[in-house]
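Chemist: First, the structure itself, so that you have it in front of you.
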């Protein structure tokens, strides 16, 4: 309240100064002393006011003027001269300012600049006079949530049962510390939550605070170090001082790798300010003074870059891995997020969980939200399984770019390319089943072939890796088989890159080469900001052998995939035709094609709508090739259609307007 009052006072003073600077009433004309005396002699002056050397007067026509007398002291004859000419004379004492008022006027601009500076500093730091004020940069930015403010519980956290069991001891200790102290046990000083992004590390920390019913301090690792030197260490001290007053309590540091990165390593060398902050954090967590009742919980997805001193027992005694959920975990997470969504009778969380391997908790939350958005766009009251399938396709394959116009040749080539991926992936052993094939542009791809594992998989065999390389080459081989080597496009560039990377990893990292043996030839070294650089300590001859082995693996898989496509060329043509007709085919239609049958129609296939959509796409492609604007033409046609048409005058055509005519006859087509 006080800071707002000061601000309004400053604004009022500035406005008054501005208003006072403008002349009030009728403007006054500055004239010389000689002009003034001439006007007096000509009987043009009505009255004057003399104050020291300043003369202010009014002429008989009402206009005002100002003049300056050359005499410091008013002469008697000067006054008599004015009176003789009928001028009304008024004398005033000259205004004299005190020394204090002069100092105030002189220092006002400086004071104004200081006040403006303080105001902006307060705005930058979040308030004046207290926490975050211009004189309190060293205050902690940790947000304190009281016992009643944290509503999250373990019931809101699903899919990470092992992690919940590990942290449940913290809740038990905070509620009943004597249970452990009687047996000489101590609760871990700190718990480090480790896992990929989106797995629920922050949510788990909030659930701990909600279950324990203790004060909860929350801060980000990037909130310590800022623009001033020494602020980071000061904020660490202040945070622990506040935590001691609220003990027992929990201090949660999110993304601790921002401040806890190993000291003095990386391309950029050391960072004195960050290292000073880290040193203070190490001392506060396990230093000379004990911090009983304060539990530190930190979260990171980069534990490999943290300082070893931070990871030792006594600081972070326990690491809790919050990994990607398995099929049961995904089902539980889906049920949690589906509580607020009205679901149709066909929705089965277990089926959705089986079809989303590798999804994190955040991905599943996004999946449910996207499905709800699809249902809302269709003006539906319930979210059905169809919306969940569309949402999954959007997340896994990218959003459809329906407005993109592709030529017929490009579309056919894309259909062959994706068919090659699908057929080879279907025929090679130890490969994930084909989930869906589409030639609708999605994201940055012109087409997509999606393989979906039937179950969670945590390792890959050599046979499975070689099968992946074969399916990656299937798209390029289909183009080569149909169009010839000279007509192969650049659409397979990403496939070749991924196949080469798999082969290189097989040789240099995973020891899957018979010639080079079970040795690791390359290792990734983590550098500044977590960037990885591959390095290898081997001779030039070994490097040649590695390159030769990589080429041998890729060539062998390439020839194997080529043989499969040559033997199944009829299926390649059938799948291309199905993609040209339906644009997207699923696993059931692919099964029909691989069995030599005509693929079934999609369950929701509308023949008339499909024909209309295909005709529209062909018209768009033709208009684009001829440089015409298709949308503008359709809009003009709609306007013309809405206007009344004049009766046609045609001697040969007496049929009603709109009936089709034979090409070689004037009669209506029967």
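Using the three backbone atoms N, Cα and C, a Cβ is placed for every residue, glycine included.
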Chemist: Quick check: of 326, 345, 486, 495, which does TrEMBL put in the same Zn(2+) site as 417, 421?
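Modeler: It is 495, as the record lists it for that site.
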Chemist: Which of these ranges is annotated transmembrane segment in TrEMBL: 99-121, 122-144, 145-167?
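Modeler: Range annotated as transmembrane segment by TrEMBL: 99-121.
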Chemist: Among the binding-site residues listed here, 195, 196, which has the most company in the form of other Cβ atoms within 10 Å of its Cβ?
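Modeler: Buried the deepest by this measure is 195.
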Chemist: Going by a 10 angstroms cut-off between Cβ atoms, which of the binding-site residues 197, 198, 200 has the sparsest surroundings?
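Modeler: Each of the binding-site residues 197, 198, 200 was scored; lowest Cβ tally within 10 Å is 197.
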Chemist: Considering the recorded positions 418, 495, which residue's Cβ sits among the greatest number of other Cβ atoms within 10 Å?
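Modeler: When each Cβ's neighbours within 10 Å are tallied, 418 tops the list.
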Chemist: Starting from the Cβ of residue 417 (Zn(2+) binding site), draw a 10 Å sphere and report how many other Cβ atoms land inside it.
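Modeler: So the Cβ neighbour count for residue 417 (Zn(2+) binding site) comes to 27.
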Chemist: According to DSSP, which of helix, strand or coil covers residue 495 (Zn(2+) binding site)?
Modeler: helix
Chemist: If you count Cβ atoms within 10 Å of each one, which of the binding-site residues 199, 202 comes out on top?
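Modeler: Of the binding-site residues 199, 202, the highest Cβ count within 10 Å belongs to 199.
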